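Colleague: Here you go, one structure.
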Amino acid sequence: MSAGFQLGVIGSLALSVASSVAIVICNKALISTLGFPFATTLTSWHLMVTFCTLHVAQRLHFFEPKAIDGQTVILFGLLNGTSIGLLNLSLGFNSIGFYQMTKLAIIPFTVLLETIFLKRRFSESIKLSLLVLLLGVGIASVTDLKLNLLGSVLSGLAIATTCVGQILTNTIQKRLKVSSTQLLYQSAPYQAAILFATGPFVDQLLTNRSVFAHKYSAPVLGFIVLSCLIAVSVNFSTFLVIGTTSPVTYQVLGHLKTCLVLSFGYTLLHDPFTLRNILGILIAIFGMALYSYFSVREGKKKSANDALPVSQMPDKEAEPLLATKDSNDTKKANGLSHDC
């Protein structure tokens with residue numbers, strides 16, 4: 001693994017964390033301070049602005065578009081758009097604790113799907129580090145676990161579509177040799193279209209308010225514009241991280257963002273914080289450190305094995321292969337930024 005590639009991965013991870021935390025702050029201001037709760041509709045605007053920005057960048061020759069099979073792009077875009085809508089519905093019809101459990105379940109289901117369908121192998125060390133991470137995030141963020149049939153069905157569909165969408169993001173980039181920018185440019189219009197068409201109905205179902213009847217004051221419009229601009233970076237870094245690492249790594253990163261948001265809420269916004277929150281965040285950070293350590297170690301081992309002559313290659317069966325994403329208002333903002 002070259003030094004340039006490693007720096008690129010670190011840069012994409014840093015961009016993803018910084019932009020996601022920034023959009024959580026912006027969305028929290030929109031939802032809790034300015035009273036704009038229309039998360040799904042806002043996400044459709046995010047994607048439309050992202051597409052327009054990439055179109056301008058393409059016309060200015062910052063990147064070259066690459067043709068991708070139309071059916072693949074349309075299905076991929078619709079799937080990702082649907083997963084965002086389902087996650088928002090899951091947040092609306094479930095308790096915060098159950099919604100956090102839904103987000104935690106994405107990692108083991110992604111590992112399961114990649115193991116079954118892509119024949120990827122995860123070492124015991126990687127599995128252990130993921131278990132520690134999930135335990136920490138669960139302790140820090142999961143409170144109540146109130147169940148209901150509709151909410152459970154929506155959560156199951158959200159998990160399935162999110163896992164498949166993120167695996168496809170990684171698979172399409174590698175198999176079709178397209179960059180994260182090229183794939184996002186091709187698929188963003190379809191993601192935006194399905195959310196633009198369904199967003200107002202979903203939001204009215206969840207809030208009993210119409211996005212069309214909302215009073216758009218200057219501060220509300222200003223924060224909407226700011227949220228859309230930050231979302232360009234969020235969407236780009238999401239595709240970049242999944243393309244250069246893996247869907248599992250992206251989910252690990254997503255839980256790091258959750259811990260940062262919880263810490264931010266306590267430090268600057270004075271959200272309620274307990275010893276349990278602190279303990280959970282520390283355990284989660286330890287799990288992330290373990291995952292990073294084992295990922296780097298096994299990545300170097302795999303690179304060394306790939307560099308050996310065939311006669312010196314170890315028994316493949318003996319080597320495991322590394323498979324390469326507070327308060328109620330804060331959680332809603334975090335749920336939106338995670339998928340926008």
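Sequential numbering from 1, following the chain as shown.
Note that Cβ sites are derived from N, Cα and C of the backbone, with glycine treated the same way.
For 326-340, the entry in TrEMBL reads compositional bias 'Basic and acidic residues'. According to TrEMBL, the feature domain 'Sugar phosphate transporter' maps to 19-292. Positions annotated as region 'Disordered' by TrEMBL: 305-340. Among the features that TrEMBL reports, transmembrane segment is placed at 38-60, 72-91, 125-143, 149-171, 222-243, 275-294.
So where do these features actually land, and what's packed around them?
Modeller: Here the transmembrane segment (222-243) has long-range neighbours at 12-13, 15-16, 19-20, 22-23, 26-27, 29-30, 34, 36, 42-43, 45-47, 49-50, 53, 166, 169-170, 173-174, 179-181, 183-184, 188, 249-250, 253, 325, 337, 340, meaning same-chain residues at least 6 beyond its ends whose C-beta is under 8 angstroms from one of its own.
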Colleague: Any residues 6+ beyond the ends of the transmembrane segment (72-91) with a Cβ under 8 Å from its own?
Modeller: 39-40, 43, 47, 99, 102, 151, 154-155, 157-158, 161-162, 164-165, 168-169, 172, 186-195, 198-199, 202, 205-206, 331-332, 335-336, 338-340
Colleague: Can you tell me the mean pLDDT for the domain 'Sugar phosphate transporter' (19-292)?
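Modeller: Average per-residue pLDDT within the domain 'Sugar phosphate transporter' (19-292): 88.
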